[in-house]
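According to Swiss-Prot, the protein carries these features:
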- 12-18, 40-42, ARG305, 331-333, 413-415: GTP binding site (BINDING)
- ASP13: active site, proton acceptor (ACT_SITE)
- ASP13, GLY40: Mg(2+) binding site (BINDING)
- ASP13, GLU14, GLY15, LYS16, ASN38, ALA39, GLY40, HIS41, THR130, ARG144, GLN224, THR239, ARG303: IMP binding site (BINDING)
- HIS41: active site, proton donor (ACT_SITE)
- 277-298: region 'Disordered' (REGION)
- 285-296: compositional bias 'Basic and acidic residues' (COMPBIAS)
- THR299, ASN300, THR301, GLY302, ARG303, PRO304, ARG305: substrate binding site (BINDING)
Amino acid sequence: MANVVVVGAQWGDEGKGKIVDWLSEQADIVVRFQGGHNAGHTLVINGATYKLALLPSGVLRTGKLSVIGNGVVFDPQAFLDEVSKLQSQGVAISPDNLRVAENVTLILPLHRELDALRESASAATAIGTTRRGIGPAYEDKVGRRAIRLMDLADLDTLPHKIDRLLAHHNALRRGLGLEQIDGKDILRELTAFAPKLLPYAETVWRLLDIKRREGKRMLFEGAQGALLDVDHGTYPYVTSSNTVAAQAATGAGLGPGAIGYVLGLCKAYTTRVGQGPFPTEQDNETGRKIGERGREFGTNTGRPRRCGWFDAVLVRQAVRTCGINGLALTKLDILDGFDTIDVCTGYRLDGKEIDHFPAGEGAQARVEPIYETIEGWKQPTANARSWADLPAQAIKYVRRIEELVGCPIALLSTSPEREDTILVQNPFEA
């Protein structure tokens, strides 16, 4: 019996929410281990649509424990708003089924303001963030000046910690010509949050260690994708945390041995939000067709996603950096009806063929994709629940992806609905 880590194998938006929700039926505990409320999930269950950003997808399953780990950056207001919204849809959420690491870093309004200011300062240097304060909050965490959830339980020492935080931020704001922040305003806001948030606080590493020793099944839910990893992604156009599978251990407070099976998520094509290199992007009618069919708009931001063909080089790289054991391929149905489908099998850089994506920003901008053209299929794959429901050519496409990325397909998703999933290998039983 393996614990399972679910990570994106592209630039995020691969459909992790649905797959995690589908797998969570077999799990006892679902853990978010990095990121913040910048990465949204849309789940369709029995015709009802649920939108999650910060909460683990396990909250939609009764009888499951959901956990927000220490690797997450936590916006108090966004958390309370999301809980309230889901409760209004009939989802039961309380400290009985949701726990938050006491040492999680808090996102404050000053983080959101700084994030937006940086993005607006110059279009030439914009990264394309969601302006939700994720990056600045991680900066304060690394700078050892962050306010953490546990700090709200000690109002005697909280003013000192706020002063330490503002010593940095007010100096920065002076340089930017911004109004100084009064620590009393932050103290007042956090004091009001304390009774609403502290009931969820938990020593998560200890809780998970106890549950692991009891033999409970754990599902670790990543946000974004491996290509947005701050170390292994398309730097600097990345997120501010590690998104690879190894972060599941660090971001939850467990040792690496607690991680068993790594399931990577990828679409049958490729999308990206914001700035950065995208070798297979189709800024043409093909890209628009994929985007319209796939409803490629951000769950949280509504921003249209850039669309292109499947890039086997990048997914193969994610398989290696994440140690992926099996892939869940999503949105195969979006490619129904295409006469031909291109798949990137390699790159050409300065006239030479290469089999990996270079780390240098300049080289990334110069790579040219090498395509293999595959015959499409006319019969629908939407709502298929077994291999027998798939057209032969669609199966050939899936098998070719397996060959190119060097990893088997464990799951296949053919619609946003929870049950429209073809199981090849159960990650919990691998």
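Note that the numbers count up from 1, one per residue, in the order the chain is shown.
Even glycines carry a Cβ here, placed using N, Cα and C.
Here the structure is a predicted model, which means the values were calculated and not measured.
Locations of recorded Swiss-Prot features on the structure.
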residue	record	Cβ within 10 Å
GLY12	GTP binding site	26
ASP13	active site, proton acceptor	27
GLY15	GTP binding site	20
LYS18	GTP binding site	25
ASN38	IMP binding site	27
GLY40	Mg(2+) binding site	18
THR42	GTP binding site	18
GLY302	substrate binding site	7
ARG303	IMP binding site	14
THR414	GTP binding site	25
Most crowded position, judged by CB atoms within 10 A, among HIS41, ARG305 as recorded positions: HIS41
Cα-nearest neighbour of THR42 (GTP binding site) within the listed recorded positions, ASP13, THR130, PRO304, ARG305: ASP13
Most Cβ neighbours inside 10 Å, all chains, among the binding-site residues THR130, GLN224: GLN224
Closest of ASP13, THR130, GLN224, THR414 to ARG305 (substrate binding site), Cα positions, recorded positions only: ASP13
LEU332 (GTP binding site) versus GLY40 (Mg(2+) binding site) - Cα distance in angstrom: 21
DSSP three-state assignment (helix, strand or coil) for the residue listed as 'active site, proton donor': strand
Between GLY302 (substrate binding site) and THR414 (GTP binding site), the C-alpha gap once rounded to whole angstrom: 23
Euclidean distance between Cα atoms of HIS41 (active site, proton donor) and LYS18 (GTP binding site), Å: 8
Of the binding-site residues listed as GLY12, GLY15, GLN224, LEU332, THR414, the one whose CA lies nearest the CA of PRO304 (substrate binding site): GLY12
Residues ASP13, GLU14, GLY15, LYS16, ASN38, ALA39, GLY40, HIS41, THR130, ARG144, GLN224, THR239, ARG303 [recorded IMP binders]: greatest CA to CA distance in Å: 34
Greatest C-beta neighbour count within 10 angstroms, which of the binding-site residues PRO304, LEU332: LEU332
Secondary structure composition of the region 'Disordered' (277-298) [DSSP: H/G/I, E/B, coil]: 10 helix, 2 strand, 10 coil
